[in-house]
Amino acid sequence: MLGKKSKDDKKAATLAQLDADDIRLALQDWDATCIDTVIPDQLAMYSSHFAQWEHQLIAGFNLLFTGLGSKLQLLQCMECAHLLHTSPPSVSVCLVIHSIDGISLRGAGTQRALSILAACRFIHVVGSIDHLNAASLWEESDTKRFGWLEHIVHMYAPYTNETIVSTTWGSRGKTGAAPTAASGIKYILESLTPTDLAVLRALGTQQLKDGGGMVEYKPFVDQCRKAMLVSSVQAMRNAIACLTEHGLIVTNKADQMRVPYGDHTIQHTILGLNPPAEDDGEGEEGEKEDGHEGNAIAESVATE
């Protein structure tokens, strides 16, 4: 049983979640205040290798770039300077994949599909990786199809664009699919059936009551059946499968699941609750509020 949330935790849960545009502007403003001459110097140094890298592509290799800092600007410059203008589009296709080890591309099926494309005679792949253990994504057969020629490039550039993507997506589920972006939850909720929506809200309610941790599958199924949210175990499985496919639920191998978003998103977007009034009082009143917070959420779900 998890302990009660502190007052700081409660205040943090009520903070509004920024969308991708707000995060992008904030990071761009921060980058503008941290002008570094090292990045242009590194870009100029590596630009002298563009012709060599192009010849390696023509020779049949696919290029994989790793190193410290974001490689986005480097690959974009290479793309504009050489790849777009050296070969007619009808002769070959070059896929430039930034952060091929990113959240939305980590699935085994996605990597296998990319490796099959990379093995095609007239398709070349240029990719970058940021995670230290990115090579563990690929099975031996995938690695052979990719045919990587690795280049270590230290750009020392901030991961601005990579950070924007990672902060607008939740954690990954058992299926390897990335969850729905936080800014698109409202549109997904409108397309759900009443049963799927009721199950999602019940899970969000239970998750808030448990302090944000994983929810056990079997007790939750029994809870939904007692509340008559689903008519059978198969209906429950169908609802879980639908919500998982939409990225609204993530599961693990221990038969546990959760909604991969913060308390604020669960309360105000999924459950549709108004922000709670701020209470600066201490003692018994604060404890009373803690004890009935979960009940109020559960009553809201039941009435809907």
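From the backbone N, Cα and C atoms, a Cβ is placed for every residue, glycine too.
For 45-76, 81-151, the entry in TrEMBL reads domain 'Origin recognition complex subunit 2 RecA-like'. Under the heading region 'Disordered', TrEMBL lists 272-304. The compositional bias 'Acidic residues' annotation in TrEMBL covers 277-288.
In the predicted model, residues of the domain 'Origin recognition complex subunit 2 RecA-like' (45-76) average a pLDDT of 93. Same-chain residues lying 6 or more positions outside the domain 'Origin recognition complex subunit 2 RecA-like' (45-76) and placing a CB less than 8 Å from one of its CB atoms are 39, 82-83, 86, 94, 96, 98, 100, 118, 124-130, 134, 146-162. Each residue of the domain 'Origin recognition complex subunit 2 RecA-like' (45-76) gets a DSSP state, and the totals for helix, strand and coil are 17 helix, 5 strand, 10 coil.
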